[in-house]
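J.: TrEMBL feature annotations, pasted as is:
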- 4-137: domain 'Alanine dehydrogenase/pyridine nucleotide transhydrogenase N-terminal' (DOMAIN)
- Arg15, Lys75: substrate binding site (BINDING)
- His96: active site, proton donor/acceptor (ACT_SITE)
- Ser134, Asp198, Arg203, Ser220, Val239, Leu240, Val267, Ala268, Val269, Asp270, Val298, Ala299, Asn300, Met301: NAD(+) binding site (BINDING)
- Asp270: active site, proton donor/acceptor (ACT_SITE)
Amino acid sequence: MIIGVAKEIKNNENRVALTPAGAQELVKRGHEVFIQSTAGEGSGFMDEEYTEAGAKILPTIEATYEKAEMIMKVKEPIEPEYNLIKKDQLVFTYFHFASYEPLTNAMIDSKAICLAYETVEKSDRSLPLLIPMSEVAGRMSIQEGAKYLEKPLKGRGILLGGVPGVRPAKVLILGGGVVGTNAAKMAAGMGADVTIMDLSLPRLRYLDDIMPANVNTFMSNEYNIRELISTHDLIVGAVLIPGAKAPNLITRDMLKEMRPGTVLVDVAVDQGGCIETCEPTTHENPTYIIDDVVHYCVANMPGAVPYTSTLALTNATLPYAIQLANKGWKKACKENKELELGLNIINGDVVYKAVAEAFNLPYTEVSKYLN
Ligand SMILES: NC(=O)c1ccc[n+]([C@@H]2O[C@H](COP(=O)([O-])OP(=O)(O)OC[C@H]3O[C@@H](n4cnc5c(N)ncnc54)[C@H](O)[C@@H]3O)[C@@H](O)[C@H]2O)c1
């Protein structure tokens with residue numbers, strides 16, 4: 001198969017969909033890999049590293065889309081990319097269709113095959129191509145939170161791990177899923193006094209078993225949240241209700257109960273946030289302050305660490321890309337249910353129910369294409 005890797009053009013997106021190591025794995029299996037010049041630069045991968053791995057470099061985004069049978073990307077296509085995508089071309093990337101109708105309509109019009117990272121799903125309902133970014137964001141939430149607790153950045157001026165003779169900071173994590181667990185690991189490793197809250201008792205039992213002694217678990221409800229917010233220094237929002245807006249676990253009035261300089265990191269901001277006063281921010285301007293409480297609400301946290309994020313993402317996507325390249329999308333999806341669930345739009349038909357429902361579009365069973 002001819003695989004094209006385009007350079008991301010979305011503002012501040014430095015990740016790339018394939019590393020030189022990934023290119024080598026595809027070339028080794030007899031595929032042709034074309035990389036748009038400088039596509040990997042933002043993540044620290046130079047054109048020469050790709051050519052050494054057996055890939056070829058193309059000068060422009062147009063040439064890359066023109067050549068490829070399968071386009072591998074990271075972010076959802078944005079407007080200047082819509083017209084580059086061709087009929088019958090396989091596009092393997094994050095799409096998040098349900099959140100943006102113009103993209104959905106453009107991909108319907110393109111008649112391409114859109115296989116979305118975010119809906120590739122394992123039989124245990126986990127989302128293997130979303131997990132790596134949650135791992136990155138969860139770990140980063142503590143790094144960022146610790147930084148904003150510093151006085152010059154308007155925090156309380158408390159060191160997360162304390163020092164001998166001085167108590168550590170208290171970290172409260174709302175949601176004990178992938179983000180929350182990774183946040184807890186980092187906070188615990190830095191010596192903080194950590195509490196994770198979740199609604200799921202089995203999850204709390206599991207976390208209690210595996211976490212170190214400086215991590216406690218606590219049932220999530222309004223009463224318990226109110227009890228803890230006045231004594232905690234860093235609060236991380238990490239809840240998810242799949243397909244729905246995150247619930248407001250911390251409401252506007254609760255800010256008054258927090259100490260000045262408390263830091264809130266709402267990782268769930270991409271689902272509307274679980275802190276009522278959360279508004280999406282960017283890496284250029286990550287925080288704002290309400291009632292002396294620092295809010296950090298960056299919607300694409302992994303974007304700040306493109307090296308780690310690219311490797312984490314491509315570790316997860318490459319096995320699927322190899323199946324798609326080796327077998328073609330039809331056979332690969334027929335033989336692997338996980339990949340089949342990634343199919344969102346084929347030849348103008350919406351084959352993913354939630355996307356059709358989001359915009360009242362006709363829904364077509366994917367079996368129309370896989371039989
Ligand atoms: N900002 C970013 O850059 C970024 C990056 C990656 C992920 N995210 C977001 O982070 C959020 C969490 O993702 P995840 O992968 O950890 O999800 P997950 O499904 O692994 O975990 C979510 C957890 O929230 C719990 N939960 C649900 N309602 C709750 C409540 N009322 N109180 C306490 N816990 C509750 C669930 O039981 C579950 O354990 C998602 O919204 C995801 O999109 C953001």
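Yeah, the Cβs are placed from backbone N, Cα and C, and that goes for glycine too.
A quick note: this is a predicted structure, and the numbers were derived from the prediction, not measured.
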J.: Take the domain 'Alanine dehydrogenase/pyridine nucleotide transhydrogenase N-terminal' (4-137) and count its residues per DSSP category (helix H/G/I, strand E/B, coil), listing them in that order.
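T.: Helix, strand, coil within the domain 'Alanine dehydrogenase/pyridine nucleotide transhydrogenase N-terminal' (4-137): 52 helix, 21 strand, 61 coil.
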J.: Distance between Arg203 (NAD(+) binding site) and Asp270 (active site, proton donor/acceptor) at the Cα atoms, whole Å?
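T.: It is 23 Å, counting Cα to Cα.
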J.: If you measure from the Cα of Lys75 (substrate binding site), which of the binding-site residues Val267, Val269, Asn300 is the nearest?
T.: Asn300
J.: Measuring Cβ to any atom of ligand 1 with a strict under-6 Å cutoff, which of the recorded positions Lys75, Ser134, Val239, Val269, Asp270, Asn300 qualify?
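T.: Among the recorded positions listed, those whose Cβ sits under 6 Å from ligand 1 are Ser134, Val239, Val269, Asp270, Asn300.
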J.: Express in Å, rounded to the nearest integer, the largest CA to CA distance found among the NAD(+)-binding residues Ser134, Asp198, Arg203, Ser220, Val239, Leu240, Val267, Ala268, Val269, Asp270, Val298, Ala299, Asn300, Met301 named in the record.
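T.: Among the residues the record ties to NAD(+), max Cα distance equals 27 Å.
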J.: Whole-number Å only: compute the distance from the Cα of Ser134 (NAD(+) binding site) to the Cα of His96 (active site, proton donor/acceptor).
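T.: Spelling it out, the Cα of Ser134 (NAD(+) binding site) and the Cα of His96 (active site, proton donor/acceptor) are 15 Å apart.
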J.: Rank the binding-site residues Val239, Val267, Val269 by the number of other Cβ atoms within 10 Å of each Cβ and report the first-ranked residue.
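T.: That would be Val267, with the most Cβ atoms nearby.
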J.: Looking only at Cβ atoms, how many others are within 10 Å of the one on Arg15 (substrate binding site)?
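T.: Looking across every protein chain shown, the total is 27.
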J.: Take the Cβ of Lys75 (substrate binding site) and count every other Cβ within 10 Å, whichever protein chain it belongs to.
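T.: Its Cβ has 19 other Cβ atoms within 10 Å.
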J.: Pull out the recorded positions from the set Arg15, His96, Asp270 whose C-alpha sits within 10 Å of the C-alpha of Val298 (NAD(+) binding site).
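T.: Final answer, ordered: Asp270.
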J.: Whole-number answer please: how many Å between the C-alpha atoms of His96 (active site, proton donor/acceptor) and Asn300 (NAD(+) binding site)?
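T.: Answer for this pair: 13 Å between alpha carbons.
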